[in-house]
Amino acid sequence: MKKEVCSAAFLKAVFAEFLATLIFVFFGLGSALKWPSAMPSVLQISLAFGLAIGTMAQALGPVSGGHMNPAITLALLVGNQISLLRAVFYLVAQLVGAIAGAAILYGLAPYNARSNLAVNALNNNTTAGQAVVAEMILTFQLALCVFSSTDSRRTSPVGSPALSIGLSVTLGHLVGIYFTGCSMNPARSFGPAVIMSRFSSAHWVFWVGPIVGAATAAIIYFYLLFPHSLSLSDRVAILKGTYEPDEDWEESQEERKKTMELTAH
């Protein structure tokens with residue numbers, strides 16, 4: 001566990017999560033600014049969030065996995081895909097990155113366009129219960145897309161994971177904006193809420209909904225649909241950060257990379 005945390009690769013991954021989340025939040029929230037001469041549309045905001053997540057997943061995904069989302073990180077922990085310490089460090093990096101991205105946007109945007117900095121809220125008479133279920137469903141489909149498109153066990157061509165994930169985020173926003181402004185990501189909700197000091201009584205919705213939705217997707221995907229044939233000791237080693245994959249796993253990783261490179265050209 002200590003070896004993992006002290007490695008250069010681990011530190012780079014944590015920084016990549018911070019940077020990717022910062023950029024994602026900056027561009028996502030920036031698309032929702034209410035400029036007097038050009039009010040944002042639902043399509044514009046949806047595409048911006050999708051393009052931002054897809055771009056960062058493509059750019060920094062090879063370094064950290066490109067989570068940029070506490071719900072996804074916790075779901076991967078539930079699915080026994082990452083170590084406990086990695087999850088903790090990623091969560092901190094994501095939350096700090098989200099605050100930094102929102103802070104930069106707040107400093108750049110003029111007062112008349114800044115408004116509430118796109119803080120998530122319950123819209124159109126949506127109740128807290130309805131909002132939680134909506135966020136669960138929205139994040140559930142995102143998490144399934146992430147798990148499937150990045151599964152190293154898949155040998156058939158899967159196209160671009162970054163594109164798939166970007167489209168999944170766009171899809172979620174096209175529906176979710178009408179309910180909650182669409183979170184699907186506790187960091188995205190937390191960052192602007194901190195900068196604007198606007199924690200509503202329903203802020204918990206944007207944590208519970210996405211986390212439960214993503215965790216449910218992890219249980220279904222990693223334990224029911226496509227379970228890993230790992231021993232208990234291997235699962236504990238993954239959780240501790242001491243697991244070392246065998247050569248067959250590494251070879252399958254290389255084959256998948258070659259497949260993805262071919263489909264990208």
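Including glycine, each Cβ sits where the backbone N, Cα and C put it.
A 10 Å cutoff on Cβ-Cβ distances gives Asn124 (N-linked glycosylation site) a total of 8 other Cβ atoms nearby, all chains included. The N-linked glycosylation site annotation in Swiss-Prot covers Asn124 (among others) and is backed by sequence analysis.
Taken from Swiss-Prot, the feature N-linked glycosylation site covers Asn125 (among others). Taking Cβ-Cβ distances under 8 Å and a sequence gap of 6 or more within the same chain, Asn125 (N-linked glycosylation site) has no neighbours at all.
Marked as topological domain 'Cytoplasmic' by Swiss-Prot: 1-12 (among others).
Long-range neighbours of the topological domain 'Extracellular' (34-39) within the same chain, counting only residues 6 or more positions beyond its ends whose Cβ lies under 8 Å from a Cβ of the stretch, are 112-113, 115. Per Swiss-Prot, the feature topological domain 'Extracellular' maps to 34-39 (among others); the stated evidence is a curator's inference.
Within its own chain, the topological domain 'Cytoplasmic' (61-65) has Cβ neighbours under 8 Å at 12-14, 16-17, 20, 76, 82, 90, 150, 161-162, counting only residues six or more beyond its boundaries. As annotated by Swiss-Prot, topological domain 'Cytoplasmic' applies to 61-65 (among others).
Per-residue confidence over the topological domain 'Cytoplasmic' (75-87) averages out at a pLDDT of 96. Marked as topological domain 'Cytoplasmic' by Swiss-Prot: 75-87 (among others).
According to Swiss-Prot, the feature topological domain 'Extracellular' maps to 109-126 (among others), an assignment based on a curator's inference. Counting only same-chain residues 6+ beyond the ends of the topological domain 'Extracellular' (109-126), those with a CB under 8 A from a CB of the stretch are 28-30, 32-36, 102, 134, 177-183, 188-189, 192-193, 195-196, 198, 200, 202-203, 205-206.
Look at Swiss-Prot and you will find 148-158 (among others) tagged as topological domain 'Cytoplasmic'.
What Swiss-Prot lists as topological domain 'Extracellular' is 192-203 (among others). With DSSP classes pooled into helix, strand and coil, the tally for the topological domain 'Extracellular' (192-203) is 5 helix, 0 strand, 7 coil.
Look at Swiss-Prot and you will find 225-265 (among others) tagged as topological domain 'Cytoplasmic', backed by a curator's inference.
Within the chain, the transmembrane segment (13-33) has long-range Cβ neighbours (under 8 A, six or more residues past its boundaries) at 40, 44-45, 47-49, 51-53, 55-57, 59-60, 63-69, 86, 89-90, 93-94, 96-98, 100-102, 104-105, 109, 113-115, 117-118, 187-188, 191-192. Among the features that Swiss-Prot reports, transmembrane segment is placed at 13-33 (among others), with the record citing similarity to another entry.
Taken from Swiss-Prot, the feature transmembrane segment applies to 40-60 (among others).
According to Swiss-Prot, the transmembrane segment annotation covers 88-108 (among others), on the basis of similarity to another entry.
Marked as transmembrane segment by Swiss-Prot on the basis of similarity to another entry: 127-147 (among others). A Cβ distance under 8 Å defines the sequence-distant neighbours of the transmembrane segment (127-147), meaning residues of its chain 6+ beyond its ends; these are 71-72, 75, 79, 161, 164-165, 168-169, 171-172, 175-176, 179-180, 182-185, 202, 205-206, 208-214, 216-218, 220-222.
Same-chain neighbours of the transmembrane segment (159-179): 42-43, 45-47, 49-51, 53-55, 57-58, 61, 66, 122-124, 126, 130-131, 134-135, 138-139, 141-142, 145-146, 149-150, 260, 263-264, counting only residues six or more beyond its ends whose CB sits under 8 Å from a CB of the stretch. Swiss-Prot lists 159-179 (among others) with the feature transmembrane segment, giving similarity to another entry as the kind of evidence.
Among the features that Swiss-Prot reports, transmembrane segment is placed at 204-224 (among others).
If you look at the transmembrane segment (40-60), the same-chain residues 6 or more away from its ends with a CB under 8 A from one of its CBs are 16-17, 19-20, 23-24, 27-28, 30-34, 66, 68, 160-163, 165-171, 173-174, 177-178, 182.
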